[in-house]
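Remarks on the structure that follows.
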């Protein structure tokens with residue numbers, strides 16, 4: 001592999017050296033003779049220098065790619081497994097439908113892990129009545145679903161994904177009459193569960209609140225005998241007030257860290273988005289293969305898992321397999337500093353607290369300065385601390401008051417929580433290679449086993465993102481640095497749309513996004529079309545080829561790769577087409593850029 005990748009790198013380097021030789025000799029000739037305008041050539045050369053710099057940064061990925069394999073069968077018995085807390089964040093049931101969120105919750109509860117060592121926390125930042133009652137219904141259904149998963153060792157433990165897959169997910173039990181009978185009964189229960197969620201949405205407002213007191217509800221089936229067949233399920237809606245900053249998802253996770261510390265205090269935390277269900281029930285055991293390894297565990301802060309989509313079509317128009325990023329993670333890991341994606345990872349609580357080097361005799365007031373005034377939270381920092389619920393599995397009155405205080409909106413402001421904790425140490429893993437925005441040859445995609453069509457979709461999405469989201473992200477970062485813009489968080493709408501799904505399965509793009517995103521893509525496409533037409537006209541007029549023909553090929557390549565933009569602007573009549581107003585706006589922008597470029601060329 002390394003030899004092949006080395007060949008790609010050497011080939012790219014030779015191409016760049018040849019390009020620089022051409023540019024320097026051309027610029028030297030222009031400066032000497034002044035036959036053609038200097039500015040256009042200089043601008044192109046500067047852009048090529050920028051891309052070369054990014055390419056150099058990109059090479060760090062190839063220095064030492066690492067692939068890891070785990071052997072969960074070699075782990076000690078379940079009794080020696082450390083507890084795991086699962087954090088799931090949601091904020092608005094109107095944008096994040098409760099059925100999808102509850103499927104994620106249930107899949108986390110169904111992890112192949114000792115239930116008495118598993119606790120699932122759902123943070124509802126909207127404090128919605130709908131979400132709270134949906135959690136209660138999910139708890140009821142889980143009492144049927146979890147035993148079914150364990151009995152038949154199901155690999156797909158998200159009920160929505162399992163029942164939509166049909167018989168393909170039943171494995172060796174498909175011919176078992178007992179299994180089929182139980183599956184039919186569970187599927188009926190799941191239908192009743194969905195109906196109950198629909199009734200909740202109809203009978204109650206699904207709007208998210210920005211002004212509410214903390215709400216914490218813990219569900220647990222622990223009994224006097226100590227048997228626990230179900231993991232803890234906790235609903236947490238931290239306090240929010242319009243006058244107090246809440247720091248969006250980061251603030252929600254901070255609240256979950258504090259609240260969970262006095263309920264379960266697991267040393268490891270799985271972080272999930274509300275629409276990222278656990279597709280592999282053994283992921284916790286796989287993570288423990290690293291954390292229970294005495295050689296590498298002291299060096300670890302997190303174990304990152306891939307994000308995958310379960311409903312991809314054969315087209316994968318939007319490059320949703322994310323192969324581009326997963327390949328680079330191999331290089332990140334080889335450099336000793338793997339990337340953190342923000343979810344789908346098992347975090348070490350100790351790494352978040354930054355308590356590894358805290359001495360036992362440290363002054364209590366010093367800890368309160370860092371972690372706040374909660375004695376219970378400070379006690380939880382000790383490795384020997386074990387929170388205990390009452391015999392009925394509920395919070396005691398004292399615990400209830402304590403977790404409400406920890407979930408209050410002013411707890412952060414009374415301490416240095418989040419300022420000096422070693423969350424910053426995770427950021428110090430960011431190295432030179434985390435700064436890249438790069439291009440990549442299509443040959444490497446095929447080398448990794450992907451098809452040519454996958455290569456096309458990946459390239460097309462890179463071009464579209466470069467002209468839209470990357471453009472605005474770069475602009476926003478610059479404005480933020482100079483104090484002219486403040487970054488903010490916008491919740492992604494995760495509600496399904498039948499028309500969008502149909503277009504995706506047919507292999508057609510849905511261009512019904514914001515004009516702010518679509519207009520730059522269309523403008524750049526129009527610009528490339530005009531550049532190609534004008535370039536070919538000049539070639540015919542001057543009867544020249546060679547250099548001009550090569551330059552004309554560049555916009556032609558962009559036009560061919562992104563032909564579906566032309567299709568969306570001109571040919572399509574369905575709802576997913578590019579609107580006439582956006583096409584007109586894009587044409588105006590392209591004409592303005594062309595006129596401005598012509599003035600530079602002339603003068």
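If you go along the chain as it appears here, the first residue is 1 and each next one adds 1.
Quick reminder: no glycine exception, Cβ is built from N, Cα and C everywhere.
Per TrEMBL, the features are as follows:
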BINDING   95, 96, 125  UDP-alpha-D-glucose binding site
BINDING   249, 273  Mn(2+) binding site
TRANSMEM  511-536  transmembrane segment
TRANSMEM  548-566  transmembrane segment
TRANSMEM  578-602  transmembrane segment
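Note: residue 125 (UDP-alpha-D-glucose binding site) has non-local neighbours 89, 90, 91, 92, 208, 237, 238, 240, 246, 248, 249, 252, i.e. same-chain residues 6+ apart with C-beta under 8 A of its own C-beta. Across the fold, the C-alpha of residue 273 (Mn(2+) binding site) and the C-alpha of residue 96 (UDP-alpha-D-glucose binding site) stand 11 Å from each other. The most densely surrounded of the binding-site residues 95, 249 is 249 (count of other Cβ atoms within 10 A of its Cβ). Most Cβ neighbours within 10 Å, among the binding-site residues 96, 273: 96 holds that distinction in the structure as shown.
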